[in-house]
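Listed features, source TrEMBL:
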DOMAIN    43-294  domain 'G-protein coupled receptors family 1 profile'
TRANSMEM  25-51  transmembrane segment
TRANSMEM  63-88  transmembrane segment
TRANSMEM  100-122  transmembrane segment
TRANSMEM  142-165  transmembrane segment
TRANSMEM  199-223  transmembrane segment
TRANSMEM  244-267  transmembrane segment
TRANSMEM  273-296  transmembrane segment
Amino acid sequence: VPSFNQSIFHPTVFFLTGIPGFEAYHAWVFIPFCCLYVIAISGNGMILFVIITESSLHEPMYYFLSVLSFSDLGLCLSTLVTMVGIFWFNVREISFDACIGQMFFIHGFTLMESSVLLAMAFDRYIAICNPLRYATILTNSAIIKVGFAIVVRVTTVVVPLLLLLKRLSFCGSHVLHHSYCFHPDVMKLSCTDTRINSAFGLAIVISTAALDSVLILLSYVLIIRSVLSIASSEEQKKAFGTCVSHTSAVAIFYIPTISLSLVHRFGKHAPPLVHTLIANVYLLIPPVMNPIIYSVKTKQIRKAMVKIFLSKLI
């Protein structure tokens, strides 16, 4: 493990951290991480391929699912290089500009995923509470507008956040707590006033993840109220069954995201290992679990995968 003498480091170079206390076993520790990366990349790639090639899946729900898989895929690929460099080649240095670039993709794809989950909640609300108007509300042009709005939202939120970070000076420790660049982690290393950055970051969390989660919760309250008004228990079961995949994806995304935010804001005295483990859970669990959930719980996706697999065999 290199000795991190703070006085000899160039201020625009950071040092990423692997698993504290397991530096001698990083090559072995990364094997399960490598397996998770393979599952996440292949699973989300398969979901994208199936939705693009299967015409029966060209519907609003699956368009949103394809964007969800795209954001999960982007999140994995944006950190793969630094993770491999740390665990297999002990390359921990990352320049400030490269760190800013990685943060753009990590925070951008995270915000995109939150936005898509909100759009999918709206899709389920319309499909269950107002099914007769579903086709007229969620038209192709409406979906394109939603996609454009997500891109604009990501750009207008993430770019100012990183521009504010670039104005800071870093004259203290340059050792990050994670295996990738994460805005709160980098901001804490600054030796200048970060109150504006911290306030802006908190405002972003409230106006994006917090707002999205509240709106998703509200949509499901309306969905539950509508479903309970259905007389037939069989119809109720069918309606709730269409929401299982989405609710699972929401839980898998927001629980690690909220946990990581809380650790950064209130876990200053928590052991470094806690920061690292929660950061890796936040990074890998949603991209790994989402393809599994949707391929198992969504009949149309499962049938399309089997169809493509059998056609390749034949």
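Cβ atoms are placed via backbone N, Cα and C, with glycine included.
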For the transmembrane segment (244-267), out of 25-51, 100-122, 142-165, 199-223, most C-beta pairs under 8 A are with 100-122
If one takes Cβ-Cβ under 8 Å and requires six or more residues beyond its ends, the residues near the transmembrane segment (63-88) are 16-18, 26-27, 29-30, 33, 37, 40-41, 44-45, 47-48, 51-52, 94, 102, 105-106, 108-110, 112-113, 116-117, 119-120, 123, 143, 147, 150, 179-181, 249, 283-284, 286-287, 290-291, 294, 301
* **Segment-segment contact (the transmembrane segment (273-296); the transmembrane segment (25-51)) at 3 or more Cβ pairs under 8 Å** => yes
Taking the transmembrane segment (100-122) as reference, the highest number of CB pairs under 8 angstroms among 25-51, 142-165, 199-223 goes to 142-165
Long-range Cβ contacts under 8 Å made by the transmembrane segment (142-165), restricted to residues 6 or more beyond its ends, are 60, 63-64, 67, 100, 103-104, 107-108, 111-112, 115-116, 119, 183, 186-187, 196-197, 200-201, 204, 207-208
Restricted to the domain 'G-protein coupled receptors family 1 profile' (43-294), the mean pLDDT of the model is 91
